[in-house]
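These notes are about the structure you will find just below.
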Amino acid sequence: MPKNVGCLSVLNDIYTLILGDDLRERSRLVNSNEKVEINHGPTLVIHGGAGTIVRENYSVQKEYLDALKESLMAGHRILLSGGNSIDAVEAAVRIMEDCPLFNAGKGSVFTIGGKNELESSIMIGTSNHPAGASTLLHTVKNPITLAKTLLLDPENPHVFLGGIVAEEYAEKKGLEIVDPSYFWTKKRWKQHLEGLEKDNNNYLEMDSSPYPMGTVGAVAVDKNGIIATATSTGGMNNKKDGRIGDTPLIACGTWADNETCGVSGTGNGEFFIRYGIAQDVSSRMRYLGESVDEAAYNVIKNLGKVGGGGGVIALDKYGKVAMPFNTSGMYRGYIRVSDGIPIVYI
């Protein structure tokens, strides 16, 4: 994947502008006598969807595990070379958007009207909470790159764009535009038709095949302690045309805060929206003093109590990872620059 996508180059001065205060604060702490916790260093964690995932078909499961490893290695190469977390999460998510196995980009599910409607978001954990998000996309090949472009564009005053306006913006910025037919895949069309027959649009109940219909996402912390989160999805199988889920909604499906954690969620979006799931993990850390694994576990446990299904990946500034879920499975994994070994799970 090229370092720059389209005509919008990722310039060092933009990052300096966004990250300056946070980088200076980290330098002050390192040079002071304040206690610093053990730091695992640059780390990347990803998810490829949660739901009712069957284990019998080993060949398909191996495909997913290999794809997860490819995603991790794409982000790892950036972190290993000293790159920043936003480039790492974008690279990891783009791999999953381009892979037809996942419900994002090429492998997206269909709306009840037989369309692919994609959405995404990305966020940096600095104190001014920069973010970019997009929804109701039909022609943007990589929605996560659109979200990143919105965040980094100094001339763009908005966090969130959708529909035709978002697609026109993407084209203007030189992002890759495709015909809507690019997103069509045989297995997703089959799931769409089966869903119409069963009058069922809840992917957590529908997904009894090895192909998950959940969102994909990534969280990374780089050498400067900057956290970034990226999330992308095709949404719920047979959702109403025009439905917007939690993925592009900051604090619901995506969150990043350098002082607590970064979070990306996958599951029943309506519950993630109503309960602000992603930010809730961060809030428990900030106000209750919970660790990242305690906070993530408690949020998903409480999600189950109100009838919501899904999971999250979370990563704190020290590279500590949490990956809880309350469904039968979630495709997930992580990698640390310190050892370079991709660890993946179903």
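Glycine is no exception: its Cβ is also placed from the backbone N, Cα and C atoms.
Just so you know, TrEMBL annotations are computer predictions that nobody has curated.
Residues annotated as active site, nucleophile in TrEMBL: Thr215.
Positions annotated as substrate binding site by TrEMBL: Arg243, Ile244, Gly245, Asp246, Thr266, Gly267, Asn268, Gly269.
Calculated from their C-alpha atoms, the gap between Asn268 (substrate binding site) and Thr215 (active site, nucleophile) amounts to 10 Å. With respect to Cβ neighbours within 10 Å, the binding-site residues Gly245, Gly267, Gly269 differ, and Gly245 shows the lowest count. A 10 Å cutoff on Cβ-Cβ distances gives Thr266 (substrate binding site) a total of 33 other Cβ atoms nearby, all chains included. The least crowded of the recorded positions Thr215, Asn268, judged by other CB atoms within 10 A of its own CB, is Asn268. Looking only at the binding-site residues Arg243, Ile244, Asp246, the densest Cβ neighbourhood within 10 Å occurs at Asp246.
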